[in-house]
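Feature annotation from TrEMBL assigns domain 'TFIID subunit TAF5 NTD2' to 47-176. If you look up TrEMBL, you'll see 224-250 marked as compositional bias 'Basic and acidic residues'. Taken from TrEMBL, the feature region 'Disordered' covers 224-254. What TrEMBL lists as repeat 'WD' is 327-361, 396-428, 438-479, 480-521, 522-563, 564-605.
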Amino acid sequence: MEEEEVQKAVIAYLRKKGFSLTDLSLQEEQNRVSASSGSDLPVSRLENDPARYCDSYSKLRSWAYSLLDAYKHELLRVLYPVFVHCFIDIMEGGLVHEARNFFRTFREDHEIMHLRDLQKLEGINSPLQLEEIELARSLRQNKFRIKMCEYSYELLLQYLQKTQSFTMLGVINEHINFEVSTGQPTSASDNVDFVTIEGRNGARQINQNEVHWGLLEDSEHLDRALSDSEKAESENKEVNPEENKKRSLDGAKQSISIKKAKKDKIVGAVGKNGRSETSAASVAPRMKPELTLPVMPLEVEQAILDDLRNRVQLNSLALPSINFYTVVNTHNSLNCLTISQNGSLVAGGFSDSSLKVWDMSKIGQTEKTSCLLEENESSKNENLPATERKRSYTLFHGHRGPIYSATFSPLGDFLLSSSSDSTIRLWSTKLNANLVCYKGHNYPVWDVQFSPAGHYFASSSHDRTARIWSMERTQPLRIMAGHFSDVDCVQWHANCNYIATGSSDKTVRLWDVQSGECARIFIGHRSMIVSLAMSPDGRYMASGDVDGTIMMWDLSSGRCVSPLVRHNSCVWSLAFSCEGTLLASGSADCTIKLWDVTSSTRAPRADNKSSTSNRLRSLKALPTKSTPVYTLQFSRRNLLFAAGALSKCS
């Protein structure tokens, strides 16, 4: 009797404090103990009874679909995590046939949102494979986080308490964390990360760390030098008015200059937003580098200043010119392409372990009427004399497996390549030779990227790590570990103090290069992330996945600011314009799309409480004839370079 009184007192206390789920869990445990004491069946067999799982899930599903539309979409979010863990629980009990029947019965409800995950889970045919398959292991080790309003949450609690559905309650308690918000239910279109998987430590705690997203102090020096040179030029024009008159004596030239002046005036009138964004970027916080960066040569600094003076200001009404390089006759063996900063060099990595570099000045001399890069010219030139049978590219050999990534240094004098042989190689574009082979990864290296200042580079691999290297050392300086699956892409922050990594675990992480610790976790994608880009001011980041989704993130808060804009296929490349007003995306659907960044990053109005984010506005879609877009690169003058291999687009 004394034990029963204690239990009643505990239940009364829980109800008084409003701990409804804890109250239900306690009742479930009491029923389980009483059932096990009065039954000859083992407890594990009762817990994994497939009929009980199937019946409870079916009732929960019917109840969720019968709700009002205002709350239905929030409570339907609970079904997928419950479905997955019911299947895993039944399979874990050794009831393979019953588990597969349960999976086939309710699979159709989740195919639209979670098709890739379902295809992986469908291959589980025994309890042992729950440990072998990475997705199943990740689901068991982590919890789902679901966002919903307070009223929807109360509806769910009332249902579980009224129906005494302890099976569903156990699954929900063990594998789901709820993020309850006051007010109206969230919109499914606005709230992109409504169902996500988070680690036991949780992304929320990590995202409370401070991120210094400003630019380097050296960039302020360049801005000052640029403004001084512009003032000097304007003074020279005022001092020598006679020389200016002589330059415009030709009538035809004068008319052209007048038309150009009118055009510039129109563009200037409509491009005020672009200039305001540029000024906003120039006043971004200035940071000291945590790495020892190389000193910039004077001639390089002068060349950068010349480019900045001649930069075209881009905005939603002044779109960039695009120079597209197409590689033909690749026979589906070209894995990656990269373009140097000024567009003079293009490099491609192939499945036969070869690396080829095309010099655009030589291409222009041999084929003035064509922009095509001929990868296989043997049949074309077999009838020519040996002296004329010259390659239009420089061929590098050294890797022992397919090359998956390549990147030029900021000055174009060095080239990095990564391969399935788990190595990274440094090549000299001036000496046309391999200089260093970097070994450290244990599995294929999917991506490698030079830092904005050169000298340092970052790599990502199948071994679930990203690593930071310097050119003079053959061993990595830092190892970033924390992803649950392959690290597929890597990108440097503008101030070189952080790197971002995208993974097959559907998350993006931001890492501090000095400490090697994770500073941010960005959750919201529904498939593996394969492309990343940082805004020039260092405040925003864009990420693209294999489903064609692009998301914009605020690094300071860790939140998505513009979700769910789409291509029809994998987004292979992303690039911000130099002032950060436009975002270019290249996809396997054979299109380049230009997006207005300023509209998406603008703060929402106070009277618009229903929307939590601004969607990226599409400015233009530029289809290629039949060429998937492998890479994009804005020059310092805001010319957009792009490249791809000719193939059949679906």
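Residue numbering: from 1, along the chain as shown.
Every residue gets a Cβ built from N, Cα and C, even glycine.
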Let me know the model's mean pLDDT on the repeat 'WD' (438-479).
93
Report, as numbers and ranges, which residues of the same chain sit near the repeat 'WD' (438-479): CB under 8 Å and 6 or more residues beyond its ends.
216, 289, 291, 293-294, 401, 404-411, 414, 416-426, 485-492, 494, 496, 499, 501, 503, 511, 513, 516
Counts by DSSP class (helix H/G/I, strand E/B, coil) across the repeat 'WD' (522-563)
0 helix, 25 strand, 17 coil
